[in-house]
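Chemist: Pulled these from Swiss-Prot:
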- SER482: active site, proton acceptor (ACT_SITE)
- CYS59, CYS132, CYS204: [2Fe-2S] cluster binding site (BINDING)
- ASP91, ASP133, LYS134, GLU456: Mg(2+) binding site (BINDING)
- LYS134: N6-carboxylysine (MOD_RES)
Amino acid sequence: MADNKTTTIEPINRRSANITQGKSRAPNRSMYYAMGYVEGDFVKPMVGVANGHSTITPCNSGLQKLTDAAIEGIEEAGGNAQVFGTPTISDGMAMGTEGMKYSLVSREVISDCIETCVSGQWLDGVLVVGGCDKNMPGGLMGMLRANVPAIYVYGGTILPGHYQGRELNIVSVFEAVGENAAGKLSDHDLREIEKRAIPGTGSCGGMYTANTMSSAFEALGISLPYSSTMANPHDEKTNSAKASAKVLIEAIRNDLKPRDIVTRKAIENAVAVIMATGGSTNAVLHFLAIAHAAGVPWSIDDFERVRQKTPVLCDLKPSGKYLAVDLHRAGGIPQVMKLLLNAGLLHGDCITIEGKTMAQVLKDVPDRPRADQNVIRPIDQPLYAQGHLAILKGNLSPEGAVAKITGLKNPVITGPARVFDDEQSALQAILDGKIQAGDVMVLRYLGPKGGPGMPEMLAPTGALIGAGLGESVGLITDGRFSGGTWGMVVGHVAPEAAAGGTIAFVHEGDSITIDARQLLLQLNVAEAEIARRRARWTAPAARYTRGVQAKFAFNASSASQGAVLDAY
């Protein structure tokens, strides 16, 4: 008997047809003809390519070849590539200056650019190419807001530099500044380290923020397997960009969208991988924002829940030995994920951009890491039994604060507060030898509203490490830390000082306790005295009254909510 059922096939240009089909769209099509389109192109999908190429930073200066490869892949697969630009800020270059306050702002600008171009131009899909830290969360947030089929192409990691038999990376230079100030490193060696630390294109080489977020994107399933740990100069990175474009065309055909992929279970997978690889504290802030863009319930306490059951399996910088290129050679993120999956710590049923489940993607990955490498540990021989990114609470951070707690020789410190209302004066105090072992530095008015923009504190923390104080001095801030930071440091303190959080009421010499075991951040001052200080406190005047910084300060939510601008 004949099957009388009919199958409706959705056109692959289902969105762009709004501006390319019908007589009334003749003026619209004339604009395309001006760019070399022919009549047959209007039945093909219009595929955006958000190109983050920039000569501002080595993180992004190698992206054009990836964009070109993606364009080629789109066209070979039957699509029309439409390229538009997205900006970047170099965190490494802006670090320690007023420019660093624009870093987190750029996350929002990037997401706005992508949402605006994709939605305004009725694009059928988008491929995002990015490199530096905020390119990743900004890109994915824009993809999720627009919610058309999309894939992320990470620009790739940088190769290590070398000097006197030692491997170098960008954090080596920040720490060398502290060593030089402490008289432990000559001016000549400082200059040589400066020149040799970054030998070419790519993002900073350890499990810092860019590599953390790219690894997490692979774990989400929004990027291709193995792509997150490839080096930018290598041909496989370019080939991966082209392959990503072809996968995207299939996703457009199947109408597989980012919000189908970035679910609560997928975010749990990503956070488990962040914990297992020893990733950046910034991932906490960014995944709160990503979940918000995806419409997924996710709180700061969810990170602590995942942390407590996930071991650290990878020995990676900043606190470990190895770089992302070493992780790639050892089996990459798929090897880490397979170990977690077999241990029941991943959701194998999550869908990926290829249309496969994560379990299917990992099917042929070995059950145990290779014996000839030391980067990835077996699940029964972890580096640490629990994850490293802990959420600390107490009267200094009732909404939470973020700390890296693994590998600390002194997980508890109680000491006198050394209070600074800006980063530069704190850095100068370290370089001048005014900070002593046992002190607890308090850097405040550096949160989302107070900074504004929640700048990273790599210059002070790097100087502490270089001066030999990384294990003996505590540092807390309502700002952020670079992915390259390690030591007894606590960031993202919420509520922030500018919002009247307790951190605003700390006085020089007050006793503060950081207890990584009890997950406690406490001002050891009587509640009655804190209440008196609160009653006398007035919010400082806004540091910016015009432009993007003023808009960010006015609209930003608490760090405990991701410092997003649309939490209305």
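The backbone N, Cα and C atoms fix where each Cβ goes, glycine too.
Quantities reported herein were computed from a predicted structural model and do not represent experimental measurements.
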Chemist: May I ask which residues of the same chain, at least 6 positions away in sequence, place their Cβ under 8 angstroms from the Cβ of CYS59 ([2Fe-2S] cluster binding site)?
Modeler: THR88, SER90, GLY92, GLY131, CYS132, ASP133, ASN135, GLY155, ILE158, THR201, GLY202, SER203, CYS204, ALA210
Chemist: Sequence gap of 6 or more, Cβ distance under 8 Å: name the residues on the same chain that satisfy this around GLU456 (Mg(2+) binding site), in order along the sequence.
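Modeler: Long-range Cβ contacts: ASP91, MET95, MET100, SER103, ASN282, GLY479, ARG480, PHE481, SER482, THR485.
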Chemist: Non-local Cβ contacts of LYS134 (Mg(2+) binding site) (under 8 Å, 6 or more apart, same chain)?
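Modeler: Spatial neighbours, sequence-distant, of LYS134 (Mg(2+) binding site): THR88, ILE89, ASP91, SER103, LEU104, SER106, ARG107, ILE110.
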Chemist: For the binding-site residues listed here (CYS132, CYS204), which one has the lowest count of neighbouring CB atoms within 10 Å of its own CB?
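Modeler: Output over binding-site residues CYS132, CYS204: least Cβ neighbours within 10 Å is CYS132.
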Chemist: Where does ASP91 (Mg(2+) binding site) sit in DSSP terms: helix, strand, or coil?
Modeler: helix
Chemist: Secondary structure at ASP133 (Mg(2+) binding site) (DSSP, helix/strand/coil)?
Modeler: coil
Chemist: Within 10 Å of the Cβ of ASP91 (Mg(2+) binding site), how many other Cβ atoms can be counted across all chains shown?
Modeler: 32
Chemist: Test of understanding: give the count of other CB atoms lying within 10 angstroms of the CB of ASP133 (Mg(2+) binding site).
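Modeler: For ASP133 (Mg(2+) binding site), the 10 Å Cβ neighbour count is 32.
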Chemist: When you average the Cβ positions of ASP91, ASP133, LYS134, GLU456 for the Mg(2+) site, which other residues in that chain have a Cβ within 8 Å of that mean position?
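Modeler: Filtered neighbour residues, in order: ILE89, MET100, SER103, LEU104, CYS132, THR209, ASN282, SER482.
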Chemist: 10 Å Cβ neighbour count around SER482 (active site, proton acceptor)?
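Modeler: If we count other Cβ atoms within 10 Å of SER482 (active site, proton acceptor), we arrive at 30.
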